[in-house]
């Protein structure tokens, strides 16, 4: 069978005819790969959620932390610093040593960091543990989506990569349960932070028995090993097609020395366009407020008038559960509706919900309607209006802007640059995360809660425009077709000529 990749339309019809038979739950082997890789996402989510509860008890054990807000901020943010460094270096590690070894490295750092935190004799040892955990989270945030995407059939690739996002939200939900479960246990915060070593060790053991990414193996000229992995994913007819697509893709890679350079990302027009779209999605994911909502949902609930700490924590747990449930909806929709449409719909709803949330706080502060509090429950209707806006925000964000940035970034870059560009865009995500976490409360104190949410709504409008203008649809496309699409967007009809010239260059 011969596939003419210069005619994407005709090959697309052939692909579509075959891909209709591949279902999300159709191959247990692919699901096993996805589940094992997704443990990295679970660790990612667990760490972002558990520290909020652990910090309450760390302050009790270490007087130096109790009265030092800078030290508290450092304990929380050091994991973000580690994640930025891990994501930046993790892209290169992925491309140089493979997705499997990168995952094993992330697990070792996460397990070591968790044990260091658990045994910390003082705040500075705890900070070192947080840095190690952050490095592991950063590497995992790059590796898991790429590993899953490269093993996934293109027609269900979005849903499988989104499963990693489900694991992230599941990790956040589980961290809140752990925070509740260990409140009466001696050594509370040590258990909260140390238990994270268990899933890291589990993933390490599982990955020892799982293969390297078939696309990375093929790119590294280990074709026999790559085909052996693909044989477990596809039937014989589809296998032949996938191998031909891999061969075609490898001919067009920018790999004069079989490796990519960071400078190439900015020298090549098609790579610049892809990175701009991917990094922009990652930045807007954070600047539209999701981690603000997750980090500060207890505060938001209390500001809405629910002064009981227990009720606020319970409502925050419900928010985390909604986030996980919405991600499941996203897994169902992303390969049916497409990444672009799902992101646009999500952002439209995010804007509406943020406006509702902002109006609730603005009206509350100006009218004084919500002043009576009894048994931890606000009697004013505006308190419930604010919580409704919060719930609506999660309902719209989690199926779209939650999984879409990770799914798109796992599939829009050429093989030689997939880890590198994925790492760079994940670094943008972590930097944006840190900026939002460090500025939200300050902005809120300066202009007020309601106006702060209006600012975030304005950013969401900009995100909607960005997606509409710069993010193409990649639903159902092979990696080779996605690469060709960027060439055409960069060079127009001359994209094929540029591709041929690039392949012919020494």
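First residue shown is number 1, and so on along the chain.
In case you wondered, yes, glycine gets a Cβ from its N, Cα and C as well.
Marked as domain 'Major facilitator superfamily (MFS) profile' by TrEMBL: 33-475.
Residues or ranges marked as transmembrane segment in TrEMBL: 29-58 (among others). For the transmembrane segment (29-58), same-chain residues at least 6 beyond its ends with a Cβ under 8 Å from one of its own Cβ atoms are 65, 72, 75-76, 79, 103, 106-107, 110, 123, 126, 130, 133-134, 136-137, 140-141, 143-144, 147-148, 151-153, 160, 163-176, 178-180, 188-189, 192-193, 196, 199-200, 202-203, 206-207, 210, 232-233, 291, 294-295, 298, 320.
According to TrEMBL, the feature transmembrane segment maps to 70-92 (among others). Within its own chain, the transmembrane segment (70-92) is flanked in space by residues 47, 51, 55, 58-59, 64, 102, 106, 109, 123, 126-127, 130-143, 419-424, 426-427, 429-431, 433-434, 437-438, which lie at least six positions past its ends and keep a Cβ under 8 Å from the stretch.
Annotation comment: TrEMBL describes 104-125 (among others) as transmembrane segment.
Taken from TrEMBL, the feature transmembrane segment applies to 131-149 (among others). Within the chain, the transmembrane segment (131-149) has long-range Cβ neighbours (under 8 A, six or more residues past its boundaries) at 33-34, 37-38, 40-41, 43-44, 47, 78-91, 93-94, 99-100, 102-103, 105-114, 116-117, 157, 160-161, 163-164, 196, 200, 213, 406-407, 409-411, 418-419, 422-423, 426-427, 429-430.
Look at TrEMBL and you will find 161-182 (among others) tagged as transmembrane segment.
Among residues of the same chain six or more beyond the transmembrane segment (188-210), those with a C-beta under 8 A of the stretch's C-beta atoms are 32-33, 36, 39-40, 42-43, 46-47, 50-51, 53-58, 61, 100, 103-104, 107-108, 110-111, 114-115, 117-120, 129, 133, 136, 175, 178-179, 182. The transmembrane segment annotation in TrEMBL covers 188-210 (among others).
Residues 48-49, 52, 172, 265, 319-320, 323, 343, 347, 350, 354, 390, 393-394, 397, 401-402, 404-405, 408-409, 412-413, 421-422, 424-426, 428-429, 432-433, 435-437, 440-441, 453, 456, 459-460, 462-463, 466-467, 470-472, 486, 489-490 of the same chain, all 6+ positions outside the transmembrane segment (273-296), place their C-beta atoms under 8 angstroms from a C-beta of that stretch. Residues or ranges marked as transmembrane segment in TrEMBL: 273-296 (among others).
Marked as transmembrane segment by TrEMBL: 311-334 (among others). Sequence-distant contacts of the transmembrane segment (311-334), counting only residues of its own chain at least 6 positions beyond either end whose CB sits under 8 Å from a CB of the stretch, comprise 24, 49, 158-159, 162-163, 165-166, 169-170, 172-173, 176-177, 179-180, 293-294, 297-298, 301-302, 342, 376-377, 387, 390-391, 394-395, 397-400, 402-404, 407, 475.
Proximity of distant same-chain residues to the transmembrane segment (341-363), defined by a Cβ-Cβ separation under 8 Å and at least 6 residues beyond the stretch ends, is recorded for 281, 288-289, 303-304, 330, 333-334, 369, 382-383, 385-386, 388-390, 392-393, 395-397, 399-402, 404, 448-454, 456-457, 460-461, 463-464, 467-468, 471, 473. The transmembrane segment annotation in TrEMBL covers 341-363 (among others).
A Cβ distance under 8 Å defines the sequence-distant neighbours of the transmembrane segment (383-408), meaning residues of its chain 6+ beyond its ends; these are 145, 149, 157-158, 161-162, 164-166, 169, 277-278, 281-282, 284-285, 288-290, 293, 297, 300-301, 303-306, 315, 319, 322-327, 329-331, 333-334, 339, 342-350, 352-354, 356-361, 364, 370, 429, 463, 471, 474. According to TrEMBL, the transmembrane segment annotation covers 383-408 (among others).
Feature annotation from TrEMBL assigns transmembrane segment to 428-447 (among others).
Residues or ranges marked as transmembrane segment by TrEMBL: 453-471 (among others).
Proximity of distant same-chain residues to the transmembrane segment (428-447), defined by a Cβ-Cβ separation under 8 Å and at least 6 residues beyond the stretch ends, is recorded for 73, 76-77, 80-81, 83-84, 87, 138, 141, 279, 282-283, 285-287, 289, 291-292, 295-296, 405, 455.
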